[in-house]
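Over in Swiss-Prot, the protein carries these features:
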ACT_SITE  D123  active site
ACT_SITE  D141  active site
TRANSMEM  12-32  transmembrane segment
TRANSMEM  67-87  transmembrane segment
TRANSMEM  94-116  transmembrane segment
TRANSMEM  137-157  transmembrane segment
Amino acid sequence: MPTNWKDSGLRWYWMVVLVFIADQLSKQWVLANFELRESVELLPFFNFTYLRNYGAAFSFLSDAGGWQRWFFTFVAVGFSTLLTIWLRKQPRQMWRLNLAYTLVIGGALGNLIDRLQHGYVVDFLHFYWNTSHFPAFNIADSAICVGAALIIIDSIITERDDKKKKAQENNNTAKE
């Protein structure tokens, strides 16, 4: 574990702030300029559509009666705390994992503020093709998904590199 926070993954915390600010500013813009369910086509497959999500990703548990607001609040605080602790333990050079953790934290905190302030998450990025629609989402959701993908990619690359090192060590041992 790095002895100084400046040598740890916490050096990447600026990304949390960047994601959080971009997410909150975009949502404030939507709230100021759109009526609920109002939609503006930007491209033949992409709209800004203001929707309220009372659940999680893909509106999971959106009709659960209200308890989910506090459940997802607890989950966001818990994961953000855990990932921040892990960032403190990571060397700052582990950029892929540090970036992944900060993207997830920034997204979780962005949606957390919505839940606490409004009781729902503001979604507005709406992709579709003909009659097939992908559920609307926001910048925080995107950051969480990209962060999760980076965690998976990092684990695959780390496992591959570990296997290469082990094979190299076995080769060197066999030559002696």
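For all residues, glycine too, the Cβ spot is worked out from N, Cα and C.
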* Structure fact -> Maximum Cβ pairs under 8 Å to the transmembrane segment (137-157) among 12-32, 67-87, 94-116 is reached by 94-116
* How many neighbouring Cβ atoms, not counting its own, are there within 10 Å of the Cβ of D123 (active site)? -> 22
* Asked: How long is the line from the C-alpha of D141 (active site) to the C-alpha of D123 (active site), rounded to the nearest angstrom?
  -> 9
